[in-house]
Amino acid sequence: MKLFLIRHAECEHNVGQASDNAKDPNLTDNGKSQVDLLARHFRDRGVRFTHVFSSDLDRASDTARGICQQQLGGRLLAPFQTSLLKEQYFGTMEGTRWQSAAPASTTGTPGTWQGGEPRYTGEESMASMRSRANSFLNDHLLPVVQNKPSSSNEEVVAIVAHGVILQVLWECLTELFDPRDIHLGPGVSQTDLGDYVQPTWSNSGYMELDVKQLPPAPTMLLAKSSRVVPVPGSVQTSIKTPGSLPFSGWAMTVMSVDNTSHLTGTQQVPRSGGAIRDTVHESRQQIMDDFYRLTGAA
């Protein structure tokens, strides 16, 4: 199975530097361009999705639909929308502009990654987000693998969601594997995954994962032959009984982290005050990334 964890394209509140789920901001013109570039990137790579899941918030579902519309061949694909992939609800922070000096959300800091209660009134807790992420994995992703006929083609799955919930989903996904069977692919450094194995996503950035059933050979031999190294950090802290894990006998290789190669180039999008060129390196994108790392905003 090929698995792509994708963050939605740029929306109005990304530009306005505010966290907001309740009003569900629309994609900007620049965000729509990002969707088109991402969809063409997958199409030109020959990536043909068999399943596309998305948050039911517009900025994610619009990104997912844009990807589906440019798929080549086969049946017409439409994203399956679910509230399980919705972004964290920020409570009294909803709609407020952020400042770099503001205290980060309690549930979004590495020190409270396994738990923690919300600091702001009404903010969704980490426990609630983990419950949603695990429900999605159990109800939607695992059946894709378990119900696949052995003779059929490889499943290729896209999950389009938001910055914080993608981090939670990734954490929960790693817990389904024997930690010794999670690897980094060629060209992916340990620093790409960040501290506490918390990767980050730019707007329309994606993580690519290759999930394969292991042959009847020692894991260490497989790791040596494929020249990959175990993922560092929290997913390596405890080794569970392999047979008790849903993906026992499977290996997951991280092929890329926050891949935004589709955004490099000279694409320009008219905006008030000028055109945006190479948005991945635009200072505004850097500001959003800094905020995202500080507070985990969508």
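Just so you know, glycine gets a Cβ as well, placed from its N, Cα and C.
Of the residues R48, R59, R65, TrEMBL places R59 in the same substrate site as R7, H8, A9, E10, C11, E12, H13, N14. Here TrEMBL gives region 'Disordered' for one range in the set 99-121, 260-282: that range is 99-121.
With the fewest other C-beta atoms within 10 Å around its C-beta, H13 stands out among the recorded positions R7, H8, H13, R59. Residue pair R59 (substrate binding site) / E87 (active site, proton donor/acceptor) shows a Cα separation of 11 Å.
Distance noted between the C-alpha atoms of E87 (active site, proton donor/acceptor) and R7 (substrate binding site) is 11 Å. Look at C11 (substrate binding site): DSSP puts it in a strand.
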